[in-house]
Amino acid sequence: MKDLDTNVLSVISPRPAESYKGNYGRVLTIGGNENFGGAIIMSTSAAVHAGAGLVTCATAPANLTALHSTVPEAMFVDYTDNEAVNNVLKSTTAIVLGPGLGTDETSKKIIANVFANVSEEQYLIIDGSAITLLAQEKDLQANLPQAHIIFTPHEMEWQRLSGIKIAQQTETANRVQQEKLGATVILKKHHTEIYAPNAETFRLPLGGPYMSTGGMGDTLTGIIAAFMGQFAKTNPQKALQAAVYTHSAIADQLSENAYVVLPTDIIGHLQKFMQEHSHENYRTKIGFN
Ligand SMILES: NC(=O)C1=CN([C@@H]2O[C@H](COP(=O)(O)OP(=O)(O)OC[C@H]3O[C@@H](n4cnc5c(N)ncnc54)[C@H](OP(=O)(O)O)[C@@H]3O)[C@@H](O)[C@H]2O)[C@@H](O)CC1
Ligand SMILES: Nc1ncnc2c1ncn2[C@@H]1O[C@H](COP(=O)(O)OP(=O)(O)O)[C@@H](O)[C@H]1O
Ligand SMILES: [Mg+2]
C-alpha cells in the first residue's frame, strides 16, 4: 500500500481563457429523501464549489426550497420522475447516486432507472443508502451497469456490500471483493484506502477525528464528481486521488483553528484551496518554483 502525496494535486490546473461551463463537467446528484435532504444538498454544493460547470440535483420535491436557498447555482429535478432524470443523465459526465437516498421501494426504483440508463463513459459514484440497498438487493448488485463505477463506503457499508467484517477488512481481503465488483472502491475511514482496478492500493495519510460529523462523506461525493468532470480526461486515477486528498487536506488546514471541521466549512474552502494549487502548479509548469 502506497501513501498518496501532494503530487496528486498537480491535476488542478489553471483554466484556459477560451472555455465555458460545458468544458468543466456536468454533474447529476441523486438522493435526499424527505428526511435526508441535507446529504444531497451538501453533495451538490460541494460539486458546485469544486468547480463543476453545470450541476443538477435529483431529489425529493420537499427539498427544493432548501436546495435553491443553499446553492442556487444548481438545477432541480424530482428524483421520482424517470423521464426528467434521464433527460439530464444523457449529457452528464459524473453521477452521484445515494447520499440520503434512503432504502425503500422508491430508492430501489431510482437506482434501477439509473443502472438502466447510465453509459459506459460516465462516472457513477455510488454512496450511502445506494450501497446499503445494493448490499440487500442481490439482483441489482449482480447487474452493475457498464460505467466507471466508484463506490465510496464507510467501513460498515463496506461490510454490508463485501461481506467482510470490519475487523477483517485487510488489503488482501478488500482487494478480492473489489475485483469481484469490477469497480473502484474508496474505503472511507481514518486513513482512507483506494482500491482501483489494475492499480496498486493507495492510502490517504491525511484527515482526523475533527472530520467525524454527519455529512462529511456526502461532501466527498460532490468533490469527486466535480474533479472527474474537470480533470479526468488526462488522468482519471489522479483526478480521483486528488479529490480524496483535497477533502482531507482542507480539513487538516481548518483543524489548526477549529475543534471540529464541518462539511460545509470544507465546501466553503474548496475555491481557495483549488486556486492556490492551480497557481502553484502553473508556476511549476513555467519553471518559476
Ligand atoms: N444531513 C443528512 O441528511 C445526513 C444524511 N446521511 C445519510 O444517511 C444515510 C445513512 O447513512 P449513515 O452512515 O448515517 O448510516 P448507516 O449506513 O446505517 O451506517 C451507520 C451504522 O454503521 C455503523 N458503523 C460502523 N463503522 C462505521 C463507520 N466507520 N462509519 C459510519 N458508521 C459506521 C454505525 O455504528 P454505531 O454508530 O451504531 O456504532 C451504525 O450502526 C446515508 O444515505 C447518508 O448519506 C448521513 O450522511 C448523515 C447526514
Ligand atoms: N477519525 C477520522 N479520521 C479521518 N477521516 C475521518 C475520520 N472520521 C471521519 N472521517 C472521514 O469523514 C467521512 C465520513 O464519511 P461517511 O461516514 O460516509 O459520512 P456521512 O455519510 O455522514 O456523510 C469519510 O471521508 C471519512 O474518511
Ligand atoms: Mg456516508
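Sequential numbering from 1, following the chain as shown.
Cβ coordinates are placed from backbone N, Cα and C, and glycine is handled just like the others.
Owing to the predicted nature of the structure, the values given are computational and were not obtained by experimental measurement.
Just one of G163, G215, G217 is listed by TrEMBL for the same AMP site as K188, K189, H190, H191, T192, and that one is G217. Binding site for (6S)-NADPHX per TrEMBL: A39, G100, H154, plus D218 from the candidate set D218, D252, D265.
For the binding-site residues G100, G217, the ranking by surrounding Cβ atoms (within 10 Å, all protein chains) places G100 first.
Per the record's binding annotation for AMP, residues K188, K189, H190, H191, T192, G217 show a top Cα-Cα distance of 14 Å.
With a cut-off of 6 Å between Cβ and the nearest atom of ligand 3, the binding-site residues A39, K189, H191, G217 reduce to G217.
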